[in-house]
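Take a look at the structure set out below.
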C-alpha cells in the first residue's frame, strides 16, 4: 500500500497544474461569486414546497408570489455567471500583461453578459426575450461567452489595437474608446455564432450546446459516472491535492442544471431522478467532509483503546458534524495514511451507490434544494430532498454503512497506535510530517491543541525553523498590512489572528487579514505582504506576477512551519519582519 501511495504521489505535479488552469479556476470562482444568489433563492423553495410533505399546498396564486424571488435570481444565474466568470478570467489574463496596459474587467463583464444574451435568449412576440436558457440551462453557454470575451479582449489589448486619444484626454474617457474595438468584436463574433446556430440547427446556441452535452450529462448520472466523479474527490484529497479545484469546475454545469431539473419535475408532480447535484456531493458522498467521515470521530472516541485516538475523536466530533473535518483528516491522520486509503476512497462511492439505488429503484426524490455546505449531513439529506420518508431511512443507513466500512481499518490503526503508546514511542512522526508538508493543517492543529489531543511538544512552538527571535519584533516600525491566503478563506484566519494578537501584545504596527485564493485580486493592493498557506503554495509563481507588479512582498509556507507560526505569534511577527529583510 505504501508503494501504491508513493506511485500515486508522483502524479501530483500534473494534477496541481490542472488545478491551476485559469479556465477551470474562472469557472470555480465564477460560481463562488454566485453562491449568495443560489442560497437566497433556495429559501423560497423550502417555503413553497416543503409544506406539501405535511399535506398543505399553497394556492397557485400564492405559489407564484413565493416563487418570484427564485425565478428572478436563480432563473438568471447563467446570465450572472457569464459576468463573474469573465471577471475572474480577466484577472488571470491581466497577470500576464503590463501593468500600464490592463484589460478592463468591468467591460469584459458587460460584454460577456451581452454576448450571453445573443447566445441564449429568444425574442418573444410582444417584445423582450425569453429567459428559458438564462438559468442553469445556460451555464455552459455562459462559460463560452465569458471565455470568448476575455480571449478577444486580450488579443486587442495585448496588441494595443485601439482608438488612440491625445494625452490631455482624461483616463476614464480614454478607457471608453479603448474598450470600443474589443467589445464590438465580441458582440459581432457571438452574434455571428448565434446566426450560424439558428441557420444550421434551427435553435439558439444554448439549446444546441445542451443537446451536444446531453449524452455526457446522462452518462455522468449513471453508475460508472457517479463512481468516477465522487471517487475522484476523495482520491485527490488523499494524496494532497485540493480535489474540488479539479472536479467541481468539470461538473458544475451538470450539478446545478440537475438541481433545477429536479425542482421542475417535482413541480410537475413527477419523480426527481437526477442524481448528481450539489446536495449529493455535500451530504451523501462527503457526508461529514471528504471521505464521508461523519462517523469517524465518534468511532475514534468510542471504539478505540488508544488515549491519543480517543482524544482526537473528542476534539473532532463537533467540527466534523458541520462538515469541517480537518481535525480528523490531519489529526489521526486519515490522509496519506495507508491504513485508511481503502475506506477513505470507497466510503463516498458506496454512499453514492446507495443513494442512487434509493432514487432509481425506490423512487425517492433526489435533491432539489440548495443548502449551505455546513449543514450536518443527515439533516442536509432530509431537507435537501424535501423531508421524504425515504430520506430519513437513507440518512440512518449511510451512517451504519460508513461505520461498517471504516471499522476494520480503524481497529488495525488503533492497534498500531496503542502499541506505540505502550512502548513509549512517538506516534507516527514520519506520517504526520508528511501530512503537514502536503496539507494546510492549521485549523486541525489548533482545534486538537485546544482539546488537549495534540502530541506536539511545547518546544516546537518556540522554534519555528529560522523564524524565532525574541528581540526583533520591535524592528517593525511602519504600519504593515498582511494578507494570509488559503484555499477557501476560512482557515487562513488562524495565522491572521495570531499575528493580530501578537501585534497588539507587543505594540507592533502590523494588521493581518484572512482571505481565499481567487478572491484576492481586488484587495491585494492594500497590503504590503501576502502569505500563502501550504494548501495554495503551489500557486506561488502565478500570484508572484501580481505582487511583483504591485510592489508587494510574497511568502509561502510549508505545513509544519505554518502550524508553528499559528501557535507562536511572536515567531509569526518575526517571519513577517524577515520577508522585508530578504
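Cβ coordinates are placed from backbone N, Cα and C, and glycine is handled just like the others.
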Given ranges 255-275, 318-338, 360-380, 381-401, the stretch to which Swiss-Prot attaches the annotation transmembrane segment: 381-401
Residue counts (helix, strand, coil, in that order) that DSSP gives for the domain 'PTS EIIB type-3' (479-582): 56 helix, 22 strand, 26 coil
Averaged pLDDT score, the domain 'PTS EIIB type-3' (479-582): 81
Cβ packing number for residue 486 (active site, phosphocysteine intermediate), 10 Å threshold: 27
